[in-house]
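What follows is one structure encoded as structure tokens, with my remarks underneath.
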């Protein structure tokens, strides 16, 4: 029995935010949340859809105006559909009793279903069966179908269908003081024989959104001719129909919605486009058919099946959760956003947390996406290329060369990181130095390189990728300083991924020296930059060097730094997270575990106690261990050898052991990285961490943050464990390497990947790995299994004993 | 002495439109015209820049509103810079005498220079030296530098620098009755210490354009601190400076301009972006340096040198004109428009004729662009992909299947062709049936295939190209009807490229049957569609067939049509332009040549006489002969054999002779095609036609139409003659074929091409052809010379005797 449906059978208002985040439907362009707890004014109020635009607590003075970028704004709510018996109350969780309740997210087909039996004060019962889709094959279209059955009453039923432009951004409580109303109404229309129409504009970014909606009510398949009451009130356009309904009778309401924005291509004006397009858009059933086909095709490429020894399957069965994660990945980094100027938001498109900003989560997200839908990664990488000029300006402004991308990036590419954040434990606003995480620049370069390695897309590398990579290399060279005492280069005053450490104990200024992760990544970037200048077509190299003024003395410097970057060790070959990490105090873990049930956010606990995590050897999330996540042992060995540092086989388990013991799992990414790095050395524990990573959203183990948006990096990371760690699929140079090793509990793991135009199917058990070449542009495909190279012909399967 | 500078030394108001078109500077995104004859209100008024947006004579009713798409709208004029002695007249051609005049377009560096000595009524003389650039490395930036020298006066000079948002579309006289004012002002600012700022919106398409300008005045390199008079009047923002100037002294005015539109990516709001970006934009000199570098790199790839036996070089020397044509090609299909949603407008971005619409000219333009800058073609082809859905709707509305792209395409992808046009000779408005030219759909499919053939870009073909090609094939299949009498398929009631024929003599309805060009192209498209379904990755084929519902019975039909399409012949193996062409009357050419000096536009002449070109065997432009232009003899032989029609070697010269005699050259494309098809059979005449094609804009031989915009297709076509006909470079299958043959008058021809990642240099004389492999992703490169295959190693040259 395949695990495809996430089902909730009880209505629990307090859990609505979580459900909503998990049951979100969207196609990236046109995301929409599920039914929400944010009921208002007696309506079944479904908060609307989102779009990339922007707002931010930070204010910037440009030309004497205060600017708040609107990076994530709620779209007008297209889901408004309510009903009541004339004169009665609207049937909604607030006004009516819920006699039965079922919500189901059909992950396979991208359909959200609600089946609810409401009862009003007069005891009249309506059974509602609602299906919703946001079309996966057409970015502009969404639709819903609601069948309403009167269980015990004959009477006049009022059905109101509307578009609501009065929506606000209210999804994250602690942003309550920010502007929440971001839409102003430009045009609206509710007339008899035409679709509902609303055109709004975001307040700051002046993005226009036009929506049209067509409502159709049928009884026994026959469309009813009804003259609705027309509503057009300050951003809320609707039509209220009155339908006679008999006891046990069913009417079906169908609503088809079209959206266009002023950033859309191939249109003249967005209002016109939305009005013209709805005329040629079919009804719910045909839309459902093409929507399901689009999802079928996505799953044919992207499904992962895992069989474990447990027989019983529940909603929280690993396979089910993995699919939920893939579902969200395919929605957020969607084929429907290709060629739109979007990046990968940390919390998907349907959560307001971080206001839609782009961090470094792509590092976790691309490995899976690139080997399934490389054209999506290509399009998303361009998000960075387009902001290269802003990153250059940021580097110059900070006194560096090249390009310095921000820690939090929005629509304009400037640094959007907040400068203070709230500790809810202490109620205090704390300076936020997370923009010292310059390592995001290494992640961007790494992503470009990995995309190139997986696709061989020289056109992309040549026209876009190389320029970004070279400018980032230049940044790393310029932030590196030479220390004569050691004959080594250093990177001072930055932050690693571990956000618990932003300064030395009692230091006046933020920043840490020689963060190992940063220094190794900078070394890697400089090495690859020199490599890129070897492999590009010669004429393109000439152009790039001319345009960017790259001289031999500069590449000599890159070479020098990439051989002499400083890495610091302490104890017995422990890579120091940063310089003087060894001087920090050990935390009394027992004491805190006893005192607080949950010590994931030790930063808040310590700050509230007047202490600081800066004083302790504790880690919010993988920092040194990220190196083992990103690089294979041979790759790391090469890098360390290049730097003339020792690297033994034991270095890895030793460091894993050291840092795993000192991690509080304050980030959803820790479970992922720890599961990954232990996949070989401690399979049982790796599986335990993997299961924990799977829980992070479905059980909301980050303390209620799922309702503010899913944790896309952690979702992708968990999928990545299956692909890269357990199936052992890694690209390196011009070869796809496979080295599977399943946790004991896993019986079988199956998946497909696309690599440089070839499609391969993998099936691995505890004893055997079968690899099939499904199709390929060449007749044969060369790949690596463990240490050796093999060839496969199209249609053939090769089996390996493990 | 290289021919790089187009120079005009006399000021002739009546020729200004022509000069303006030829001296246009632009980078595709941000085109701008040269100084114009449209002086107004005593200013030196330089009409501004253009952008894709849209307007049209046709009105469409959508949701009860009349819609005129604004497809080409003047940008605010950023060039406004005027000067006078206080109290005197502005120095301008209208107000002041011109004592000396020189305008020079530096094609190599993309710089337009004016050197003018003005004299006002008081006899005061100012020498103006102006240089202008529209930056080729940064789509948002333009700049000018004007040095003003007082020749004989000491006094106070007023210099006014402005942005003018009151510009209108007035470039084409016969559009005078259309809306000409397309900009409404949204925001404006002229204050002391900040750049000028203007934000406007196009009236219908609601595209916003924000412009900022910084003006700096220096004397002897020192910036002057001046308090200008501030102007902000209904869309005109300016600053008027007063500068003391001594006799023989020079002051330099520098103006740097930034533009952003609401369609720009990587911005929040366009006004903010333009204001922020100008702060980090350097001055004229550094901009000039990077601008020149960008052009240097373009020319390094794209220059063609030709040495002919004539020693004297003038502005109209072929090499010079070829460079002018390449210059316009590189400006219009610019690297700066990559990833913008633009196509290739027939008249460039700086002429208002055809209102920016996209026809089939791409067919002439891509061969050169694709072998120089394939990434530009890739981006431009997406213009069509994005409008696929609209083309599908158009096919459905006309009762066909698949996708039917319009003859004239604008921003929204709907048919923009006018339904009537004016015959200036008779003053009558004539029904315009040119939208019956369904053959544009064959051109689009052809372009996709050729791009794929030249680049091997399977990702593009797989994700975008194939879908368009398949849907076009489906359209051709559905417009084909089976004629039992002949056991053949026919295409009825269409128009071929020859616009003189839109109906049979005295027919009530427009349309011609079995246009040979259309039928052969449809056959070719169906053949390639079947081919595409062979070469794509199998899983992608499955997806496409599912999504588009392509069944075996449909592909069987395609196969059948591609074997049984009807072609009609008359006389001795003459391919009939269309069915019953042979029944038309022969024109009395002598009579008309005597009566009218210029018979290029026989359609207008005949219509004015109450006659019609439909009655005669006359052709405006190549129709049947297009087949010889697009396909090599072996390719045509294969196609005709597939259709079971005879095709002898003599078929080609016979048909050429037949149709060349019946052509009036009413389109600038005729010279191109005729030169091309005669390149082998009649080299002398081919060269004559080539020279004629070169003249079409520089001498405005289309009767004053150059001032309404250059003829980009003809420009590209002339370059293409050098590449494809004389150098004989053609892609076919997986091979680049070379087969040079120079006209007798040509001593040497040199050029480079990029083919599937390799760069090759070609040098051909009458006796010898040298091919050098400059760089390549592989070690060796395989190519065809005449009938044989050869291999080259990187860095090596191979010589062939001809």
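For all residues, glycine too, the Cβ spot is worked out from N, Cα and C.
Any TrEMBL annotation is an automated prediction that lacks curation.
What TrEMBL annotates here:
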| type | residues | note |
| --- | --- | --- |
| ACT_SITE | B:499 | active site, proton donor |
| BINDING | B:360, B:361, B:620, B:621 | substrate binding site |
| DOMAIN | B:7-263 | domain 'Glycoside hydrolase family 65 N-terminal' |
| DOMAIN | B:323-719 | domain 'Glycoside hydrolase family 65 central catalytic' |
| DOMAIN | B:730-774 | domain 'Glycoside hydrolase family 65 C-terminal' |
(Q) Is it possible to get the count of other C-beta atoms within 10 angstroms of the C-beta of residue B:361 (substrate binding site)? (A) 22
Q. Just the number: how many Å between the Cα atoms of residue B:621 (substrate binding site) and the residue listed as 'active site, proton donor'?
A. 8
Q | B:360, B:361, B:620, B:621 excluded, remaining Cβ within 8 Å of their centroid (substrate) | A | B:359, B:497, B:499, B:667, B:669, B:713
Q | Chain-internal residues, separated by at least six, CB under 8 A from the residue listed as 'active site, proton donor' | A | B:434, B:437, B:603, B:620, B:621, B:666, B:667
Q.
I'm checking region-level scores; what's the whole-number mean pLDDT for the domain 'Glycoside hydrolase family 65 N-terminal' (B:7-263)?
A. 83
Q.
Please count the residues of the domain 'Glycoside hydrolase family 65 C-terminal' (B:730-774) that DSSP assigns to helix (H, G, I), strand (E, B) and coil.
A. 0 helix, 32 strand, 13 coil
Q) For residue B:620 (substrate binding site), which DSSP three-state class applies? A) coil
Q.
Of the residues named as substrate binders, B:360, B:361, B:620, B:621, how far apart in Å are the Cα atoms of the most distant pair?
A. 16
Q: Report the same-chain neighbours of residue B:360 (substrate binding site): residues 6+ apart in sequence with Cβ closer than 8 Å to its Cβ, ordered by sequence.
A: B:407, B:437, B:439, B:440, B:443, B:444, B:497
Q) Around residue B:620 (substrate binding site), how many other CB atoms lie within 10 A of its CB? A) 22
Q. What kind of secondary structure is residue B:361 (substrate binding site) part of, going by DSSP in three states?
A. coil
Q. How many other Cβ atoms are found within 10 Å of the Cβ atom of residue B:621 (substrate binding site), counting all protein chains shown?
A. 23
